[in-house]
Every structure is written in structure tokens, then in C-alpha cells.
Amino acid sequence: MSYKRVFVIVMDSVGTGAAHDAAKFDDVGSDTLGHVGEYYKGALKLPNLGKLGISNLRDTPIEGVPVADPAIGDYGKMEEISAGKDSMDGHWEMMGLPVMKPLSTFPNGFPQEIVDKLEKFSGRKVIVNKPYSGTEVIHDYGERQMETGELILYTSGDSVMQIAAHEDVIPVEELYKICEYARTLVNGPEYTVGRIIARPYVGPDKDHFTRTANRHDFSLKPIGETDMDRLRAAGYDVIGVGKINDIFSGEGIDKGYHNESNMDGMDHVDEVMKQDFTGFCFTNLVDFDAMYGHRRNPKGFGQALMDFDKRLGNVLDEMKPDDLLMITADHGNDPGFKGTDHTRENVPLLVYSPSMNKPNQSLGVRKTFSDLGATILENFNVEPVKGTSFYKEISND
């Protein structure tokens with residue numbers, strides 16, 4: 001008997017130790033979960049993730065989270081083969097579409113020809129145009145932007161173009177139109193950017209600016225068929241919660257839910273769990289990354305993990321025998337590490353169903369995130385194209 005509903009929850013940026021190729025990214029020593037645990041000195045309480053095996057899959061347990069003996073599910077880690085360490089790379093690879101050619105990055109800012117086109121289209125001047133922390137850039141330039149109506153253009157170590165503007169100065173819909181236009185400028189072949197991100201903010205002055213939930217990602221369209229496309233073609237339902245819709249440009253998705261926050265995202269998961277469908281629900285919870293990882297805030301990161309863990313308890317309670325849950329991440333963003341960028345890490349893989357035959361077994365280190373998608377496809381009798389399925393290990397047959 002295969003599983004009727006498969007739920008995947010991506011804890012955005014919750015890595016579990018430096019990947020084998022971390023040196024290429026200058027990320028040796030990164031360990032998001034490990035360093036958050038160290039910061040909490042034993043006070044990080046994750047009972048539900050713990051009983052699923054979040055410490056079992058690590059070489060050393062997370063401080064405060066004992067190894068489960070036995071774990072109620074199966075556990076392992078996944079390595080990324082994509083060229084980058086952005087959300088897009090990670091999610092696409094999970095769905096059988098690893099990004100093997102590095103996308104364009106802009107350590108010195110965007111070329112003048114792109115800036116000129118943005119200024120001409122928007123009728124607004126562009127300022128900053130260099131790598132910057134998103135919270136620091138509005139602190140340093142937000143008041144000026146309010147006075148002048150300019151566009152704050154910045155990037156990071158990833159293949160992203162970010163445009164920030166105060167919502168009272170440039171309405172959100174106008175900012176989206178500018179970002180949609182920017183998307184057309186960097187779809188290749190000369191420049192290929194993974195994501196254009198609209199970054200609206202509010203507040204009276206630099207000490208009180210906050211970025212709003214009206215953030216919107218304009219992703220590169222998937223450059224090939226994904227496992228979600230394959231599931232839909234086979235007649236299964238595909239539901240996206242959070243920025244899944246943005247990451248895949250709406251492709252391969254029947255219904256999408258926009259999240260205001262992690263807790264709002266878990267409300268959506270609870271809502272979807274009440275629905276009768278046959279297929280796949282793919283959820284991204286971005287607060288770990290956006291609110292705490294980039295800001296190098298281990299305290300907030302740990303609290304977000306504990307808040308998620310509480311909500312996870314309800315998901316486990318509500319699961320039907322023919323439901324399958326997989327929890328993972330798309331990359332790391334170690335709040336105890338240097339810089340403000342993502343970190344190249346292995347990601348956790350936690351798998352649970354009330355009816356699984358062999359809980360408490362290690363799934364090992366998977367050699368690509370695509371193993372996750374391949375497993376979902378095999379469950380639904382669809383031929384996997386990329387990755388090695390671990391369906392037989394986790395099945396209820």
C-alpha cells in the first residue's frame with residue numbers, strides 16, 4: 001500500500017554541518033543546528049524533532065536534544081550537488097532538477113547596462129548596487145529612499161537581485177512591476193539570475209524600519225521538467241505552501257498558499273491536512289533563514305525552531321495511517337558563522353508515517369537532494385528521472 005498523501009516541510013536554511021565541498025564556498029566549520037544548540041547551552045528543547053531523529057542523524061547530538069532510542073521515524077542527511085547554495089538550487093534539486101551550471105553572481109554590483117534599463121523603466125534612480133545585508137541596507141539608506149523615491153538595489157553571495165523600497169513611497173504593486181521587468185533582463189544567456197526579490201519595508205525612521213511579509217520572489221522559470229510536473233501529469237494533486245509557488249514560478253502547482261510567517265505557514269499545513277487529496281504538499285518555512293540566519297541571530301533561530309517543534313506535534317497527531325511526512329532543509333544559514341550569507345551544509349532528512357514498517361533506521365547520507373523527489377515519485381508509481389529512491393526503506397508495504 002503506497003502513501004495517499006505526502007507532506008514535505010522544508011525548514012529553510014536549517015543545515016546540519018558543513019558539506020563535503022564546503023571549502024569551495026569558504027564554509028568549512030559551518031553547522032547551523034549545532035551552533036544554535038551550543039548557543040542555548042542545553043536549553044534548546046525540540047521534543048518532536050528529537051523523537052523523529054534530528055540528533056540521531058548527526059555525528060554529535062544537538063546540545064539539549066538527546067538521541068532518540070528508538071526514533072519513531074527514519075533519519076539521514078542529504079548532500080547537495082547543485083552549483084549554488086540558494087533556496088532555488090535546493091528546492092529545484094529536491095524536485096529532480098539540480099542546477100549544475102553556476103548562475104550569475106555580482107560581487108561588485110550589477111552592470112551599468114542593467115542599472116540604466118531599470119532606471120529608464122521605473123523613472124527612478126538606483127542607489128547602493130552592491131552586496132549588502134538586507135536589514136543593514138534599509139538602516140543605512142532607507143531614510144534617503146523615503147525622501148527621494150530611489151530604488152535600493154543590492155545583492156548577496158547568491159544569485160539574487162534585491163530591490164527595496166518603503167511601502168508609503170513606492171506602492172507594493174509598483175515595486176512588483178519593477179521586479180517583473182528586472183526579471184526579463186536576467187534570464188540569460190549573458191546574465192542568468194536565480195531570483196529577483198521585492199523587499200518592501202515600513203516604519204518612520206532607520207531605527208524602526210521593518211521588512212514586511214509583502215516580499216515576493218520572481219524566480220527563474222524551471223529550466224526543465226520537475227517532479228511536481230511529473231506528478232501533475234500523472235493526475236496527482238500538488239499543493240505549494242509558502243514560497244514554493246515563487247521558487248517554481250507557479251509551475252507544477254495546482255494550488256498555492258502565501259505565508260506571512262512560519263506560524264501562518266503551519267496554519268496552512270493544518271488546513272491542507274484537513275483536505276481529502278491524493279498527492280503532494282510541499283511547504284517552505286522561511287523565517288529561520290530570512291529573520292534569523294542572515295541576521296546571525298542564534299537566539300531568534302533557536303526560538304523559531306522551538307515554536308515550529310510545538311506545531312509539529314499537532315501535525316504528528318493528525319497524520320492518518322496512509323500519510324507520509326518528510327522534513328528537510330534547502331541549505332544552511334549558520335547564525336554562529338561569519339558573514340551574512342547562506343552556508344554550504346548537508347541537510348537533515350526526517351521521514352515518518354504512523355504505518356511505516358521499519359522506523360528507527362538510518363537512511364545514510366543521500367548523494368543528492370533529488371533522492372527526496374525520486375522517493376515521492378516511486379510512491380505514486382511515477383518513473384523517477386533523477387536521484388535514487390529510498391521508498392523501499394520507508395514503505396508501509
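Placement of Cβ uses the backbone N, Cα and C atoms for every residue, glycine included.
Taken from Swiss-Prot, the feature Mn(2+) 1 binding site covers D12, D330, H331. Around H331 (Mn(2+) 1 binding site), the same-chain residues at least 6 positions away in sequence with a Cβ under 8 Å from its Cβ are S13, G15, E80, K85, D86, S87, D89, G90, H342, T343, R344, E345, V347.
Here the Cβ of H294 (Mn(2+) 2 binding site) has 19 other Cβ atoms within 10 Å, regardless of which shown protein chain they belong to. Positions annotated as Mn(2+) 2 binding site by Swiss-Prot, on the basis of sequence analysis: D289, H294, H342.
In this structure, the binding-site residues D12, D289 were compared by how many other Cβ atoms lie within 10 Å of their Cβ, and the smallest count belongs to D12.
According to its DSSP assignment, H331 (Mn(2+) 1 binding site) is coil. Summary of the Mn(2+) 2 site environment: with the site residues D289, H294, H342 set aside, the chain residues having Cβ atoms within 8 Å of the Cβ mean position are D12, S13, A290, G293, H331, N333, T340, D341. Listed in chain order, the extra residues whose Cβ falls within 8 Å of the Cβ center of the Mn(2+) 1 site residues D12, D330, H331 are V10, M11, S13, V14, G15, S87, G90, H91, N284, D289, A329, G332, N333, H342, V347. D289 (Mn(2+) 2 binding site) falls within a helical segment according to DSSP.
Cα to Cα, D330 (Mn(2+) 1 binding site) and D289 (Mn(2+) 2 binding site) are separated by 10 Å.
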